[in-house]
């Protein structure tokens, strides 16, 4: 079948799609066979009714089948958020990724330019001098030599060009906000995944379990798709097929609670300058929330036994200059292509 209309009708009637039907529908979308109106109707019908675990698994299957892959070490991790939380914070996961890389854990970071915010990972890294226009071989070399490689989503998921304009015109969250973190081109099995709403914490952990992930935390922190320092973070931790739920507070990281305003960012240039300032030694709320996310990532990757050890390793990555060196090497290797 190469017609999306039957699937639009089914979802509009509030029927759930099987994994097979969901994959077929997204294959149609990603092949370019659906019109913008059909895509918009399908995405919003899913959004209003609520996407199911099976629909997300099927959609991810379609995305992964068409993506441009990257080779990364078995122990690589991704630190990624769905975006779409509307909070306008700094690029928290970007700085956390550099801290983790500086601590010796390879990071295969998947991200994009901002869609619904002022600055995505790609915007900040580009402003810092990282070359985003590189192929899989160079990205693999970045991971090997800098400890961090950035996979620009639009280059690895070229089929997304068929939905990009519709997503921008809709201007609201869709299933694609959920799919990006689940379709890492390096096939990482360890991830810290932030989601834009608390109701997605458990379902995305189930999706990642069904997709074969090994060690994952899916988190939501009081309106943020990150572990937050503003209050309570809900966590679904997947380890070897078992999902455990718990909550975290800033005190669990030895940190003070802060206001959301302290975490507000700006455009790519603004956020890049703030990130560089932390690497240069600034101690502020942006540093602290990134340390917390890095500490959790080091636990997920098995480098730290608990959050206290994770925080110590993360702080050492900054104080020793490890995180700063990771960025410098990433800039150098990416531009040597």
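Using the three backbone atoms N, Cα and C, a Cβ is placed for every residue, glycine included.
Feature list (source: Swiss-Prot):
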BINDING   81, 84-85, 89, 91-94, 109-117, 121  5-phospho-alpha-D-ribose 1-diphosphate binding site
BINDING   81, 112  anthranilate 1 binding site
BINDING   93, 226  Mg(2+) 1 binding site
BINDING   167  anthranilate 2 binding site
BINDING   225, 226  Mg(2+) 2 binding site
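Distribution of Swiss-Prot features across the structure.
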residue : record                                              : Cβ neighbours (10 Å)
81      : 5-phospho-alpha-D-ribose 1-diphosphate binding site : 27
89      : 5-phospho-alpha-D-ribose 1-diphosphate binding site : 26
93      : 5-phospho-alpha-D-ribose 1-diphosphate binding site : 28
110     : 5-phospho-alpha-D-ribose 1-diphosphate binding site : 26
112     : anthranilate 1 binding site                         : 20
167     : anthranilate 2 binding site                         : 19
225     : Mg(2+) 2 binding site                               : 27
226     : Mg(2+) 1 binding site                               : 30
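In this structure, the CA atom of residue 226 (Mg(2+) 1 binding site) is 8 Å away from the CA atom of residue 93 (5-phospho-alpha-D-ribose 1-diphosphate binding site). Under the DSSP three-state reduction, residue 110 (5-phospho-alpha-D-ribose 1-diphosphate binding site) is assigned to strand.
The separation of residue 225 (Mg(2+) 2 binding site) from residue 81 (5-phospho-alpha-D-ribose 1-diphosphate binding site), Cα to Cα, is 5 Å. In this structure, the C-alpha atom of residue 225 (Mg(2+) 2 binding site) lies 19 angstrom from that of the residue listed as 'anthranilate 2 binding site'. Residue 167 (anthranilate 2 binding site) falls within a helical segment according to DSSP. You'll find the Cα of residue 167 (anthranilate 2 binding site) roughly 19 Å from the Cα of residue 110 (5-phospho-alpha-D-ribose 1-diphosphate binding site). Reduced to three states, the DSSP call for residue 81 (5-phospho-alpha-D-ribose 1-diphosphate binding site) is strand. Taking CA atoms as the reference points, residue 112 (anthranilate 1 binding site) and residue 93 (5-phospho-alpha-D-ribose 1-diphosphate binding site) are 12 Å apart.
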